[in-house]
Amino acid sequence: MGVPNFYSWVNEKRVDYFYLDMNQIIYKCATDPSVLFKDQLRERDFDDVWVSIINYLDMIINLVNPQQLLFLAFDGVAPRAKMNQQRQRRFQSQKRYKYLSAHLQQIGLFQKNETYKNNQFSPGTEFMTQLNQQIKFYIERKYSEDPKFKNLKIIFSGCDVPGEGEHKLLSFIRNMQFDPNSVHMIYGADADLIMLGLLTQLKNVLIIREDLKFKQTASAAANRVIKIPEFLVINISIVREYLDLEFAVLKDKMKVAYDIHRIIDDFILLCFFVGNDFLPRIYCFDIRIGTIEPLVDLFKKHLTNANDYIVQRGDINYKELLNLLELLQGFEKLCINDRQQEMVNYLNTRI
């Protein structure tokens, strides 16, 4: 798939447990990023999407070749904290669809065909209910026909089970007792999987995803060049080691005993201020404008002054969190001033 010797590397690594966030596969197989106005012009029906999903699932399972367990998880009903954001996305998507459809109809391009929209990739829709059944049939067929599945335990958590797919996967991992040398691989494209992987405390956790690169030309935003997908593999142990190297210089300056696991817990909490679907977005924290680097510097400053860690066995030490937020207060003012100046400069160029 574009990575030399990747197949042999995975086999040598021997993945014991393989977890798939199935909604990532749905979007991968159901959307064509090379098509503009995809909801209006696309003619693929449910059967086409199901075939694409099953074929992709077959490919990725054969590639990774898990030895002990395969966990497939769809997104169920989202927690209350995320519902408002989901409703906003669905509303905007439908509003955009109606707007574009009206314009395409005026120029004679709109096709009134039986197709699907991204809004249908939600729990409770006809599409997801039928896809649930398709995956169950796929599992039954594999057990009866494929010898590799004979000794493989399969867990399927469908869209009728509440919770996001990646949270179901991580909840299962946290609640199980594993051989410390077992290898766990998670398929998913969300960046917060790295954070969740760090929280597992397991020695061998890998995250696999496809790397899609888009290049838009200045003349037409619709012209997109898509490279053949390449698989990216992130080794969580290496990420943990890099964080240890980053913060180890503070050992002699900290008031509390240096513990990289607890530092990582606090660091992840800080990163969730930058982006988290379950919390209101903070205006000044945007990873696209280089927020992470100054936040790391502020976090180091906090560590040298802190009397304790922020995260306490899953609970929050609000006194220490308040100390960190006071440091972020000055950073927030600078960010707002910078964003305001950028807006003024942009408006001046438009006049």
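Every residue gets a Cβ built from N, Cα and C, even glycine.
Under the heading domain 'Xrn1 N-terminal', TrEMBL lists 11-211. Residues or ranges marked as domain 'Xrn1 helical' in TrEMBL: 258-342.
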Mind tallying the domain 'Xrn1 helical' (258-342) by DSSP state, helix then strand then coil?
-> 57 helix, 4 strand, 24 coil
Averaged across the domain 'Xrn1 N-terminal' (11-211), what pLDDT does the model get? Just tell me the whole number, please.
-> 80
